[in-house]
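Written below as structure tokens is the structure these notes are about.
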Amino acid sequence: MMCSADDELPAVACFSLKHFTVLAATMDVAVMTSLAPIRCSSVSPSRSLSTSMASSSPPFASGPPQPRPWFSPTPDPNVAGAAQNSQIGRPQTSSGAPPPFAGPTLASSRPGPPPPFSSRPPPSGAVPQGPIASNGPPVPGFTAPRIPPTPSVQKAAPVGTPASIRAPPPSATASQAPGVRPFPGSPPAGASLTAHASPFVGPPASQPFGRPPAVQSPFAGPPTSQPSFTGSPTSQRPFGGPPTSQPPFAGAPTSQRPFAGQPTSQPPFAGQPTSQPFSGPSAQAFTGRPTSQPYTGPLTSQPYAGRPSSPSYMGAPASQPFSQPPTMGTPFGVPAWPLQPGQVAPSMPGNVQAPPRMFGMPPGMPGQSMSPVPPAMGHTPLAGSQVSTPSKIDPNQIPRPMPSSSVTVFETRHGNQANVPPPATSNFVAKDNGNCSPRLMRCTMNQIPCTGDLLSTSSMPLALMVQPLALPHPSEEPIQIVDFGESGPIRCSRCKGYINSFMRFIDHGRRFVCNLCGFTNETPRDYYCNLGPDGRRRDADERPELCRGTVEFIATREYMVRDPMPAVFFFLIDVSMNAVQTGATAAACSAISQSLADLPDGPRTGVGVATFDCSIHFYNLKRASQQPLMLIIPDIHDVYTPLHSDIIVQLTEYRQSLEQLLENIPSMFESNKVAESAFGAAIKAGFLALKPTGGKLLVFQSVLPSVGVGSLSSREAEGRTNVSSGDKEAHKLLQPADKTLKTMAIEFAEYQVCVDIFVTTQTFVDIASISVVPGTTGGQVYYYYPFNALSDPGKLYNDLRWNISRPQGFEAVMRVRCSQGLQVQEYSGNFCKRIPTDIDLPGIDCDKTIMVTFKHDDKFQDNAECAFQCAVLHTTVYGQRRIRVINLSLPCTNMLSSLFRSADLDTQFACFLKQAASSIPMSPLSQVREQIINLCINILYAYRKFCATVSSSGQLILPEALKLLPLYTLALSKSIGLQNDGRLDDRSYWVSRVASLSISLAIPLVYPRMISIHDLTTREDDGSLLSSNIPLSSEHINDDGIYLLENGEDGLIYVGSMASPETLQKIFGVSSVDGLPSQLVLQQFDNDLSKKLNEVINEIRQQRCSYLRLRLCRKGDPSGLLFLSYMVEDKTPGALSYVEFLVHVHRQIQNKMS
């Protein structure tokens, strides 16, 4: 009911902001206040007031809760039709397509207002041209499609018998002319096809990384014009949710042994592993750092040797992960917003390079040894060279990571045998020959112990790291889609495992034996095919599910209890006084506004916006040619929301209104004096808005939640006191303050609402309590402390852009199955678990990793194979249900030496890291440090006792595959999460981040990469600007040098006190160290060194899929101490140096041996 000025109104409380007046009802009724006309260039001081009281009819959504999508029984899981397959992702490269490692490509820009965060354009020719792939349908004005059409599917013509009904081979399918196979919920047809579009090409590559200027307003955000995101095509997006019929992840393993396949005549990894002993000072002088021997790996068609001309790759493919969008008049996507003198956009590197291989020292030669380990010796803390003694180990000869820029080809299987994968941090192209790509799933050991006793003897963990939607290398073949029609995919009738290349067909193809439980199933008539002389089906190479380790099945209606959910994004913005004054509100509004262009285009994509301080403000945009209405919810203890249809609108129809609202919010609340934050009530209200459909809730929080449901009190001062006094209960401050938010989060997960929180703060916000919500709903926490309005809006925008445009899915359920003899012990990651066998993932994306640990419940036969299968059911952002099935089969062994030879260092360390993070809130830090060090010692002791060939007790012998484990263990014990000093929020964020961290980022988190940048133009690069890593020891830092240290999220630039004025002028535009700014906004000047540095920064951002928050550190002030705290090889108060730690490990092993 609309009220005029003469109408009688109930009692109201009136408060005034600068440009409008809001009437907030004292009763629990939403008041709708008309906002002033949205301004484009100026704002009129006068505001019209149009107030409406809620009518007596119920304005708020109600009704019984909808059931969670789940699995309902399948009448007959074996009924299936002839499979049809297509490819996920990019079409086959045409003859005119660029090479797989070509530089990033660009899209034309759309008109838009001048962006505020950037630099002036790079020199002519610095930015290549070309179309880009992205994750949405084409938009007028773009040179490249936002989404390629679904690849064609060719149905094989029947030849008369079921045996002849087969899907076309991948090569045949790929060679078809591009076509569209319609399916429910697919993106709009008509998207043009880019010949060289690649699957999951990662973050956008079209523009350079923009940065905010140092003078102009830092709050306006990136420009409104936004290029399409170079994400994955629709046909390859692996998203979805749980099925609704027969539990596809159900069924207990049976007592039968799994089928082991053709046994090999001898163990595939027989023989004693090589070892690298440490014995005393060598008589021969050390002449330099040893060069790493090329990793030749298992027998593959292309060995790990040589240095191909192709640039290396890691993380996101050749496209640029984060960039500021283009504006009108810049055909190459170069930003054109206000600039500081001399500030330009960094030129894009032409290639994507790899991070350090982290593989280690060259293998020990026969008889190679080092001198006996001496007693602990002095080491200058944090500075200077180490003290030298006659019996000291040469620090230059101890194991350290050795970077490599070469690209290798890895075949997952060769000769019916699994190959040992290359390190997770190396640069490789995986060729799926039956086992999945190691990027998707890899094990801590590449041979499985036959018994639990053998596993216990080794002291190594048995676990899988599963990253089901991981970005592939651009040169890898796309994952293929298989459609079995109405009958659904073929499955084992006992364990419900999905058909895969390791299931053995018998009785002329009439039956097949499950490789997981050993049960013999009848082959459906329309799936029958004769067997060849080798016992394989004659059509095995033509069916992706029978020859590939990873496939994606189209889910049928039996896997749904409701229609697939749409892609809905709801943004919650903190407008409390602190958020407004620090610029966090303006930065959030700007980032959201510019990211709207990256949301999935489609008629079902919905968007909503709300703001909150001590009350919650919704906005109704469904008012044709009228001002939007603000709907205020004053009750923050019993939260309710307006009608779902009023506050969530279709993006395609209301995008302009959304952009105008977001532009106006900072000025509307610029005089807000409310300091309290009703965070708990706000996310509850956002959940109620998303409850009918599910979706993503993105929250921008700046202060400690202090009022309403889920309010918290400051525990920071108490935490500092307890830690400094050695309180044994100090770790409890890293646990949630109460169970309120956890209870809410479980309800969010039940209705498929995923929460991401962007913490833009300068104070304590109790991340230990807040992070429970994203940790339970499949989301994550982004942490910007202390938030700076000059340097952080660029990272905030790029983080948000990647969050909403990366390959992802909704309402997912995941289960891991394994062969009889093992059973799943525990899942670890960001998810909700309500039943023992499955985990619920309201949101899943390409960056999330789930750890799965196993234990023995039976014995394996030697030379048998142990199979693992991960199935993820999910809904794509375009509303199609899919089942991604990932298979890995590994040989079993009775030889302990084979376990150590096949150990996977990166995966084992990621397992240690996640176990330590989960223990930090439960145990004192000293106890956690002792546990991880003892774990390392026990593993090396088992190798020394049972496998080492050298018998002298005076030598420290390390297994070749795990020789860097002591270094990484030491680095972990000195990391932010395990340091005694430090802020509670910093440690809580570290724990939260580790929970879902990928393997490739686990080692850089604790052992960052450090390179010198003062000599970028003079040193030889060997194919990559990042190939010359420096050990993390202060003795390698010179006073006249400038260094960059990055851990995947933060980048620290350290400037020595004697740095050359000429170098300072080239990089920073100042001539002395004293002239350096306190806040770093990296610029690009017209000189080779500055250009090289910007190329290095962009190359790292591409690899890490992170914008890399830059900080400037100077020797002699607190920022310099922060940089030196990452020198993990140095001796620090209360912690050993690397050499001393090796001495300690050796002594502990000697004590166990005696």
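Yeah, the Cβs are placed from backbone N, Cα and C, and that goes for glycine too.
Since the structure is predicted, the reported quantities are computational estimates derived from the model, not experimental observations.
Going by TrEMBL, these are the annotated features:
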| type | residues | note |
| --- | --- | --- |
| COMPBIAS | 42-60 | compositional bias 'Low complexity' |
| COMPBIAS | 61-76 | compositional bias 'Pro residues' |
| COMPBIAS | 83-96 | compositional bias 'Polar residues' |
| COMPBIAS | 111-125 | compositional bias 'Pro residues' |
| COMPBIAS | 226-237 | compositional bias 'Polar residues' |
| COMPBIAS | 272-303 | compositional bias 'Polar residues' |
| DOMAIN | 489-527 | domain 'Zinc finger Sec23/Sec24-type' |
| DOMAIN | 564-804 | domain 'Sec23/Sec24 trunk' |
| DOMAIN | 809-893 | domain 'Sec23/Sec24 beta-sandwich' |
| DOMAIN | 904-1003 | domain 'Sec23/Sec24 helical' |
| DOMAIN | 1030-1095 | domain 'Gelsolin-like' |
| REGION | 42-332 | region 'Disordered' |
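Here the domain 'Sec23/Sec24 helical' (904-1003) touches the domain 'Sec23/Sec24 trunk' (564-804). Their Cβ atoms form 3 or more pairs under 8 Å, with each pair 6 or more residues apart. The domain 'Zinc finger Sec23/Sec24-type' (489-527): residue composition by secondary structure is 6 helix, 11 strand, 22 coil, according to DSSP.
In terms of DSSP helix, strand and coil, the domain 'Gelsolin-like' (1030-1095) has 22 helix, 11 strand, 33 coil. Secondary structure of the domain 'Sec23/Sec24 beta-sandwich' (809-893) per DSSP (helix as H, G, I; strand as E, B; remaining residues coil): 0 helix, 56 strand, 29 coil. Across the domain 'Sec23/Sec24 helical' (904-1003), DSSP helix (H, G, I), strand (E, B) and coil residues number 69 helix, 4 strand, 27 coil.
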